[in-house]
Amino acid sequence: MAWRNRRGALRAILSGSACVRPASVYDAISIRIADDLGFPLGMFGGSVASLAILGDPDIALITLTELAEQMRRMARAAALPVLVDADHGYGNALNVRRTVQELEAAGAAGLTIEDTLLPQAYGEASPQLISREEGLGKIKAALDARLDPSLVIVGRTGACAITSLDDAIDRAVAYQAAGVDALFFTGVKTRPQLDAIAAATTLPIVLGSPPAELTDWDYLAAQRVRIAVQGHAPIAAATEAVSKALSALRDGAAPKQLTGLASAELIDRVTRASLVEERGAQFLGLKRE
């Protein structure tokens, strides 16, 4: 039931009239902070998953098991609904079925399946797409695999940047006809491109990291853009903070000399320390301080 409530919250965003900018989340701490700050939605991107879990770039090295386990940790840590970037579904259409089942069980509110050819093909320096037919097969497999009908399935295409706008629209129309809940486009750069996409489709739209020309949120909302992913600055900020702290310590600074550290109050809030103390009093007979 808890998962269904989160999925209902994501569906409410998609059926609403506003353009939401989700928080980029990647672990228990980041999702709790996002939830506490009042974000309505979290986005668990493939690139941040690879960085947070493996310390690797976004080149499809992460496994489905690793992705699902991290999603499970986040779902346990906070009630914020999360849209998961499930990349290519970790294989063919049959692998996509397994991907949907694992992420559904892990507590994802929704997931995206894309048509990028992953991992990168031998001898190909630039990104490639799978065929429209193979992409459609993956989408149909994803829809068939979900046990909870409230789980959101988003069809994603990178055709705008790789092949053409017409190809992107053709693929999106096919995914829409198959029954996806929303359409995710990457590589959209201009208003005329977005206008054409909105005119050719009827489903809610998700945009990946829109450029400056596409940051008028009222305009985006009018074009049925319900989610605009705004990159993954939090993990970049965290990486920089860790690098600076360790660099200072290596150079001889005392821990108390460091600046920019989380306060004790923030740590207590993020770790839910007062709730743990309350449970200790309730179940272990411990006195609260």
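Numbers run from 1 along the shown chain.
Yeah, the Cβs are placed from backbone N, Cα and C, and that goes for glycine too.
H232 (substrate binding site): 22 other CB atoms within 10 A of its CB, across all protein chains. In the three-state DSSP classification, H232 (substrate binding site) falls within coil. Marked as substrate binding site by Swiss-Prot: S47, R156, H232.
Among the features that Swiss-Prot reports, Mg(2+) binding site is placed at D85, with the record citing sequence analysis. DSSP gives D85 (Mg(2+) binding site) a strand state.
Look at S47 (substrate binding site): DSSP puts it in a helix. The 10 Å shell around the Cβ of D85 (Mg(2+) binding site) contains 22 further Cβ atoms across the protein chains shown.
Rounded to a whole number, the C-alpha distance linking R156 (substrate binding site) with D85 (Mg(2+) binding site) is 10 angstrom.
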